[in-house]
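Pulled from TrEMBL, these are the features on record:
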DOMAIN    76-428  domain 'Ionotropic glutamate receptor C-terminal'
DOMAIN    86-142  domain 'Ionotropic glutamate receptor L-glutamate and glycine-binding'
BINDING   Thr153, Arg158, Ser318, Thr319, Glu365  L-glutamate binding site
TRANSMEM  200-220  transmembrane segment
TRANSMEM  232-250  transmembrane segment
TRANSMEM  262-282  transmembrane segment
SITE      Ile297  site 'Crucial to convey clamshell closure to channel opening'
SITE      Lys324  site 'Interaction with the cone snail toxin Con-ikot-ikot'
DISULFID  Cys377-Cys430  disulfide bond
TRANSMEM  446-470  transmembrane segment
Amino acid sequence: MRWDLNAESLLKLTPSLHDLNFLTLQSITKNRSYWCVTMRKALVLLCGSVLMLAQFCIAGTAENEDSGRTKRDARTLRVTTILQEPYTMEKNSALEGYCIDLMKELSKKLDFKYTIHLVKDGFYGRQDEQGNWNGMIGEVVRSEADLAMASLTITAMREKAVELTKPFMQTGIGIILRKDIVSSESHFFEFLNPFSKETWIGILIAYLMTSVCLFIVARLSPCEWSEPQTEGNRFTLLHSFWYAAGALTLQGPGPQPKALSVRVISVIWWLFTVVLLASYIASFSSMRNSDSTKLSIETFEDLAKQDVIEYGTIRDSSTFSFFKNSNHPTYRMIYEHMQRRHSLVSSVEEGIRKAQGGSFAFIGESMSLDLAVARYCSLTRVPEVIGMRGYAVATALGSPLVKNLSVAILQLTESGELEYLREKWWATTCVSKEGGSSGPLNPHCLGGIFFILAGGLALGVLLALVELAVQSKTSAEEQKKSCCSVFSEELSCRFRNSSSKKDQDVPEKSKA
């Protein structure tokens, strides 16, 4: 039997993807037998089953892909790093340092696990003539590591090879050299340099205490002020300050003291003044003579214009490339000098060691130089810093991790966590052992004279009280009163508020 089917009828037989129920034929040729209809229904059922199976397979494949992607995102990240103090250091077969702590903070914020290993060839990452990368950058490019965490400088070449996050630390190019071959910066109040700030404060306190003690002892002592009811006291508070200041400048403003107690304080203050002035003059002269034999290096231009101190940087480093590729006249002069004198070094440690030896200035990244200054008191860093750049974390090109890592780094910066880590790992362990003659004098250097002055002041006050007690005892015997009552009356008479007024009234009455 022949089926009378046209194209329109076949299209109507195709089941819909949105309706998986059995499709019914909308038009069936008249005078068709029952078994033909049954065959057509079986054909429709078969087509619907095939389409249902296809949709189920597609959905299953998508679910498997999502599950695999989730597993890949949740895998443990491989991190490569390099040994450099204080970023990454080995201690008891474990790693510690600034970068290790930073990696812990990032893993907490982004909730991922990681394993960390040292780079195999010991390099940061440099491209050869064939375009291949070595070091940590090479491991990230070859998918041997997912992240590179170290003091990795952001450069244009590295940006082309890998993805770099926002910088977690800013650095530049600086200079370190020994303190004793470079003069300190001159300023307007350089005459204060012979003494430290603490010493000047101690001198001011000593001056105030001596002046007050002169005022008190001059009122207590009956030998200095025998008739407080009828005569004025020559050592007023203002005159006591003037007398102490005059002695400090080796002058002798009158009137001179008569009582033993006041003279004891005056002599001790004169001794203190002589020792103080001698120490100041000697320290100031030593500083000026020392600075006259030192170089003044505060900028890279100062370094380039002198030929007494040798200088250099690390061979084939980013700092070396900066000077090599620069068109700045001063930087070109520095590059040509290093090439001509062969003053390049192989590592940061070698550069620091040569700088400690003297007559050598090491040029390097400022953060590494700051660490050297914090560890070694004999070194100092020149104020100028050039070529500012940043350290960043490296990931593979197109990695979705770079965005999240950058946001986490910014959050750590805003919360002050990165500043805390810097203070932690750059804390100075420098203990100065050079009490150089050209340095400012600290209080412990003049501690003996301060101690003698304190003893002299106490002795003067004690002598004044003894003098007053002796006179009170004599007056008590004459007036047949208690010694304590007479002593109290004497104290009250000498320190009561109206005494100054009476002192002024008595001369006026005598004149009348």
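From the backbone N, Cα and C atoms, a Cβ is placed for every residue, glycine too.
When the domain 'Ionotropic glutamate receptor L-glutamate and glycine-binding' (86-142) is classified with DSSP, helix, strand and coil residues number 20 helix, 14 strand, 23 coil. Rounded to a whole value, the Cα-Cα separation of Ser318 (L-glutamate binding site) and Cys377 (disulfide bond) is 27 Å. Restricting the average to the domain 'Ionotropic glutamate receptor C-terminal' (76-428) gives a pLDDT of 88.
The least crowded of the recorded positions Arg158, Lys324, judged by other CB atoms within 10 A of its own CB, is Lys324. It is 18 Å from the Cα atom of Lys324 (site 'Interaction with the cone snail toxin Con-ikot-ikot') to that of Arg158 (L-glutamate binding site). Least packed by the Cβ count within 10 Å, out of the recorded positions Ile297, Cys377, is Cys377. Remote same-chain residues near the transmembrane segment (200-220) are listed as 192, 228, 233-237, 240-241, 243-245, 248, 257, 259, 261-262, 265-266, 269, 272, 276, 443, 446, 450, 453, 457, 460-461, 463-465, 467-468, 491, 494-495 (criterion: CB distance under 8 Å, separation of at least six residues from the stretch ends).
Largest Cα to Cα distance within the recorded L-glutamate binders Thr153, Arg158, Ser318, Thr319, Glu365: about 18 Å as a whole number. In this structure, the C-alpha atom of Thr153 (L-glutamate binding site) lies 27 angstrom from that of Ile297 (site 'Crucial to convey clamshell closure to channel opening').
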